[in-house]
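Colleague: My questions will all concern the structure given below.
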Amino acid sequence: MTLLSNILDCGGCISAQRFTRLLRQSGSSGPSPSAPTAGTFESKSMLEPTSSHSLATGRVPLLHDFDASTTESPGTYVLDGVARVAQLALEPTVMDALPDSDTEQVLGNLNSSAPWNLTLASAAATNFENCSALFVNYTLPQTGLYCNWTWDTLLCWPPTPAGVLARMNCPGGFHGVDTRKFAIRKCELDGRWGSRPNATEVNPPGWTDYGPCYKPEIIRLMQQMGSKDFDAYIDIARRTRTLEIVGLCLSLFALIVSLLIFCTFRSLRNNRTKIHKNLFVAMVLQVIIRLTLYLDQFRRGNKEAATNTSLSVIENTPYLCEASYVLLEYARTAMFMWMFIEGLYLHNMVTVAVFQGSFPLKFFSRLGWCVPILMTTVWARCTVMYMDTSLGECLWNYNLTPYYWILEGPRLAVILLNFCFLVNIIRVLVMKLRQSQASDIEQTRKAVRAAIVLLPLLGITNLLHQLAPLKTATNFAVWSYGTHFLTSFQGFFIALIYCFLNGEVRAVLLKSLATQLSVRGHPEWAPKRASMYSGAYNTAPDTDAVQPAGDPSATGKRISPPNKRLNGRKPSSASIVMIHEPQQRQRLMPRLQNKAREKGKDRVEKTDAEAEPDPTISHIHSKEAGSARSRTRGSKWIMGICFRGQKVLRVPSASSVPPESVVFELSEQ
């Protein structure tokens, strides 16, 4: 879960529209004395408080026993036979001193009064009409002044005796709100509901303090946001979530295709791609879980807007929601560990010569997959104990709890270590470039390009998540769009750079495409064997120059003209342009032996001087070569595109590639 999810779902994935209204009105009403940092909001009832007595049933205690021995309490207790009323001086110190005594004890103390028990039994109402229906036909005994019933758009407050501090359980249906705590509403001595503190105007419907309902992490989040324009924050978060879903879908597609490429072609199975594949698997797992949760929340939000009911499949399923978030954090932790392995392996191969000959795959696998299991298990256990999932909140806001640093601490350490690896790798690259006598501008360009390419692979862009500016909506928008663009498209960028734009991968794909086309009846697409080696067999026609027979040092050697292209390549790209005649005879020996057996000879022993090639075979070979050249000449532009990367096809094996060549190739692209 991210800060974006906290702002989107803050106070209620179940009732997003209601919580948006709560935040808007909480911000407009100012801080409360009992919770200076929490939100508060005004009642929406248009009824004027009167001295008429009406009562209906309520679902939670409205009165709270106050310890008379407390020095801050100047109140007295009055027992009129109907209810036990605490006359309290509503000073901030007194409100802070109110104890959170057991609700059942309060109910037990008031059991002797039947009318008051009705008030404490239930007060379930979902709108103004329901609240009105509860109280309009019930009359209290003439025992004193009462504040009239009122509906504050969240709770239905029954008539309350004058001078009483009414407390009602916090409304359900919101994430980040503890329903075991109480919202507070003050009935003044004159029978009117009290306005918010420091208010310049009297508000007849009164004011409800919902500050105590928020959990500590939500209060800290509201402190960070500071601004009162909560609608702007929520709107920015929604647009960012749309951008995030698009990036995750694109990353998922690119990562899956890259995994298929790495697993299909055996020539790509080297040490670097083994690490790449594990990193891609961790990223795919993380993206799939995140998309599942986001789409479930999106579907739930749309349905609630129309029906005001929760249709969430994941959140309303016991253990499924918790398991989803635990798996999400495990996948994220595994992704960071494999990013660390990427940085460690590349750094050691470039800078430490002792690691170049070894590849501890088992150690890397345990570090990348087993260590995150241990970390996630410890975090999940601590979080479940801290959050009390019996409230049905499904680990919501767990990223705001202190236990989240069990996971976030090692991730931050991985980012910092990879940043150090990156700095050292760039230092080595600059040293190599200086030895090549490149210009300063060229050195800087290649170093910066290599650094930019390595940033997503090493996960350094995730460092921006730790720097969330929430003081103003503008700063939050810049941070939100930029950070979530980089993180959601991270998988796409990694797959693009390290798979689709990799020269070796493109060469393998090109060769596979050419082979498939040649098998399907397009011989002109067949890859030439010569392109896989440093030298090539000379297929020039017989009109090519031949060394004079009188020269003993060059007898029997055929030489290609210096400016003639060989097999579609320049002469400078071939290290061998001459083929010895004995080698040709050696290739023809099986044919000569078969011909001798047909004539009935038991054994054929010929030396290089005795063996003569069959002119018929040579004629057939020349004819086939001429036919191939004619077909090639007809589709020259196609062949040029297909085998434009034949130089890349001559990449040596992974073991012989210099360790720093990976970074150099990236800087050249």
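Counting begins at 1 with the first residue displayed.
Just so it is clear, glycine is given a Cβ too, placed from its N, Cα and C backbone atoms.
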Colleague: Taking the topology from Swiss-Prot, would ASN271 and ARG445 be on the same side of the membrane?
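Modeller: Going by what Swiss-Prot records, ARG445 is on the same face of the membrane as ASN271.
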Colleague: Where does the N-linked glycosylation site label fall among ASN148, ASN271, going by Swiss-Prot?
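Modeller: Record annotation (Swiss-Prot, N-linked glycosylation site): ASN148.
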Colleague: Between 245-265, 335-355, 367-387, 412-432, 481-501, who has the most Cβ pairs under 8 Å to the transmembrane segment (450-470)?
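Modeller: So the stretch in question is 412-432.
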Colleague: Same-chain Cβ contacts of the transmembrane segment (367-387) under 8 Å, 6 or more residues past its ends?
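Modeller: Apart from its flanks, the transmembrane segment (367-387) reaches 278, 282, 322, 326, 329-330, 333-334, 337-338, 340-341, 393, 395, 398, 401, 403-404, 406-407, 410.
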Colleague: Look at the glycosylation sites ASN130, ASN137, ASN148, ASN198 and tell me which residue has the greatest number of other C-beta atoms within 10 angstroms of its C-beta.
Modeller: ASN148
Colleague: How big is the gap, in Å, between the Cα of ASN130 (N-linked glycosylation site) and that of ASN198 (N-linked glycosylation site), rounded to a whole number?
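Modeller: Cα of ASN130 (N-linked glycosylation site) to Cα of ASN198 (N-linked glycosylation site) measures 32 Å after rounding.
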Colleague: Considering only Cβ pairs within less than 8 angstroms, which of the stretches 245-265, 335-355, 412-432 has the most against the transmembrane segment (481-501)?
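Modeller: Between the candidates 245-265, 335-355, 412-432, the best contact partner of the transmembrane segment (481-501) is 245-265.
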Colleague: Using the alpha carbons only, what distance in Å do you get between ASN198 (N-linked glycosylation site) and ASN148 (N-linked glycosylation site) once rounded?
Modeller: 23
Colleague: Within this structure, do the transmembrane segment (412-432) and the transmembrane segment (335-355) have 3 or more Cβ pairs under 8 angstroms, counting pairs 6 or more apart in sequence?
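Modeller: Output yes: the transmembrane segment (335-355) sits against the transmembrane segment (412-432).
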Colleague: What's the CA-CA gap between ASN148 (N-linked glycosylation site) and ASN137 (N-linked glycosylation site) in angstrom, rounded?
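Modeller: That comes out at 13 Å between the alpha carbons.
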